[in-house]
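All remarks here apply to the structure that follows.
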Amino acid sequence: MEGGIHPGTDTSAFRDCFSLAWKNPYVLRLAFSAGIGGLLFGYDTGVISGALLYIRDDFEEVDRKTFLQESIVSMAVAGAIIGAAVGGWLNDRYGRRTAILIADFLFFVGAVIMAAANGPPLLIVGRIFVGLGVGMASMTAPLYISEASPAKIRGALVSTNGFLITGGQFLSYLINLAFTKAPGTWRWMLGVAGLPALIQFMLMLLLPESPRWLYRKGREEEAKIILQKIYPDHEVETEILALKESVDSEIQAKGSSGKITYAELWKTKTVRRGLIAGVGLQVFQQFVGINTVMYYSPTIVQLAGIASNETALLLSLVTAGLNACGSIVSIYFIDRTGRKKLLIISLFGVIISLGLLSGIFYNTSTHSSLVTPTATAKFKDYTCPDYSSAVNANSWDCMKCLKASSPDCGFCASATNKLWPGECLISNDTTKDMCHGQDRLWYTRGCPSKMGWLALVGLALYIIFFSPGMGTVPWIVNSEIYPLRYRGICGGIAATANWISNLIVAQSFLTLTHAIGTSWTFLLFGVISVVALFFVFICVPETKGLPIEEVEKMLELRALHFRFWEKSPDANDKTQSA
């Protein structure tokens, strides 16, 4: 069987993974070179959260139109949908290595276009190019690593891709902070992504194709040479026999190993059940709200009552750092604890964190600073028109001020005590500068609150629970749950579902917060997380330490190991249990 069954998987996988640095650096080189795609994935999805703050300052139409802000963020996701869909076909037709090289080219072109953009339209074009690369890399990198990894440490090695994704997001926040005072701010933030794309392109030119893809394409000798570098001598023949058995069974079942149809995917029981689990995990990964945190975390921090762009970025850096740390935790536990248990623990924590965030933002919105009835002489001509004409102006508070839309209005708060009554003024650069000129605080996206720090705690808890489980496990499960013949196309379908869900969330988050409020938006994500928890209990198999052929047998028998807390003694028992 592919990878074999190794004793001691629970206790030694993490140690064995890192001992590769001196025992078999070739495997580690393959994993980390392919994982740069994950780094780019993380950087390009994370960098926009900080860059958007400065894009809004440079382009007034972006600052005034929520739709434009959402489009700049989410067009990368739209590109990723196409990239993931095309990537599945590219992976099966031309190989994993070729797909990564094409993704790098798209990353580089997108970075150059964004850095040179003279307005929102060109920015959006650059984001689409980057998105195409992200979509291809998101499903190809874990697939390449999975197929070049021994089964015992496959989960840990694929988790390194998750770590590099979160590490890329953390790096994007550091880069954002580094360029806050530089001329061109956001141009540097978005353009820097071209450098790692160039590095990976050169590294991948020196690396081989996936041995399993080569074997399936009839290039057995090439595959054998690579497998000899990955496995000890006594395991190579076992791996080759397992691959031969897998390919022969496909040909026997289908009459050929040629073109795959979508009807064939759905009619094949193991593939159908694998797709339900894999696609479901990818959809729920997005619908529990993670990318509202990663794309809009500085905005969320401002909604919690932090006025400064730089402070919002600095605090958001903490959440990105926690996300990266969570990925390291995943590397340690994924082959010890198992995929399913990590998912369930992760979702329990996510539900609690979202409930906390919902309560905090509800308190913030209902206990907002009042608007003072008399403006200072300096501000008299800039008072918000809606406030001036309101019949019940005495009842106005900061939240009501920020919801005024004809024109948009902002809240100028006291620097001595930001919870004291402030002034509701027309939102433009003039009043912003005047407010700052009096050493006061200017709010346009959130109101001053004594509960704001608790929102940061809620965000931190959310990331701590999400990252080790729901952050990395869906990609790992999708890299190992499908039969060899269908791995590329099924991985592409699952990644496409992930990016479509990502687009829905990214394009609707700010609109939702405006329509129903931040509190109800997080509560909605919490309800979806409860549904996700039941889905994991019922539909997701435990694949820890199993060769991929054993996963196929388990899906065939629908042995999904519901008693996930009990250690399964071996693969054969796993395939017989209900």
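Glycine is treated like the rest: Cβ placed from N, Cα and C.
Taken straight from TrEMBL:
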- 30-55: transmembrane segment (TRANSMEM)
- 30-544: domain 'Major facilitator superfamily (MFS) profile' (DOMAIN)
- 67-91: transmembrane segment (TRANSMEM)
- 98-117: transmembrane segment (TRANSMEM)
- 123-145: transmembrane segment (TRANSMEM)
- 157-179: transmembrane segment (TRANSMEM)
- 185-207: transmembrane segment (TRANSMEM)
- 275-297: transmembrane segment (TRANSMEM)
- 312-335: transmembrane segment (TRANSMEM)
- 342-362: transmembrane segment (TRANSMEM)
- 451-477: transmembrane segment (TRANSMEM)
- 489-510: transmembrane segment (TRANSMEM)
- 522-540: transmembrane segment (TRANSMEM)
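Here the transmembrane segment (489-510) has Cβ contacts under 8 Å with residues 66, 69-71, 73-74, 77-78, 80-81, 83-89, 91-92, 135, 138-140, 143, 260, 265, 271, 274-275, 278-279, 281-283, 285-287, 289, 291-292, 295-296, 299, 474, 478-479, 482, 521 of the same chain, all six or more residues outside its ends. Of the candidate ranges 67-91, 98-117, 185-207, 185-207 contributes the most Cβ pairs within a distance under 8 Å of the transmembrane segment (30-55). Where the transmembrane segment (157-179) meets the stretches 67-91, 98-117, 123-145, 451-477, the count of C-beta pairs under 8 angstroms peaks at 451-477. Tertiary neighbourhood of the transmembrane segment (123-145): same-chain residues 30-31, 34-35, 37-38, 40-41, 44-45, 48, 55, 71-72, 75-88, 90-91, 96-97, 99-100, 102-107, 109-115, 117, 157-158, 160-161, 190, 193, 197, 210, 475-476, 478-479, 487-488, 491-492, 494-496, 498-499, selected by CB-CB distance under 8 Å and a gap of 6+ residues from either end.
Nonlocal intrachain contacts for the transmembrane segment (98-117), taken as residues 6+ away from its ends with a CB within less than 8 angstroms of a stretch CB, comprise 34, 37, 40, 44, 83, 87, 90-91, 123, 125-134, 136-137, 140-141, 144, 187-188, 190-194, 196-198, 200-201, 204-205, 209. Averaged across the domain 'Major facilitator superfamily (MFS) profile' (30-544), pLDDT for the predicted model comes to 81.
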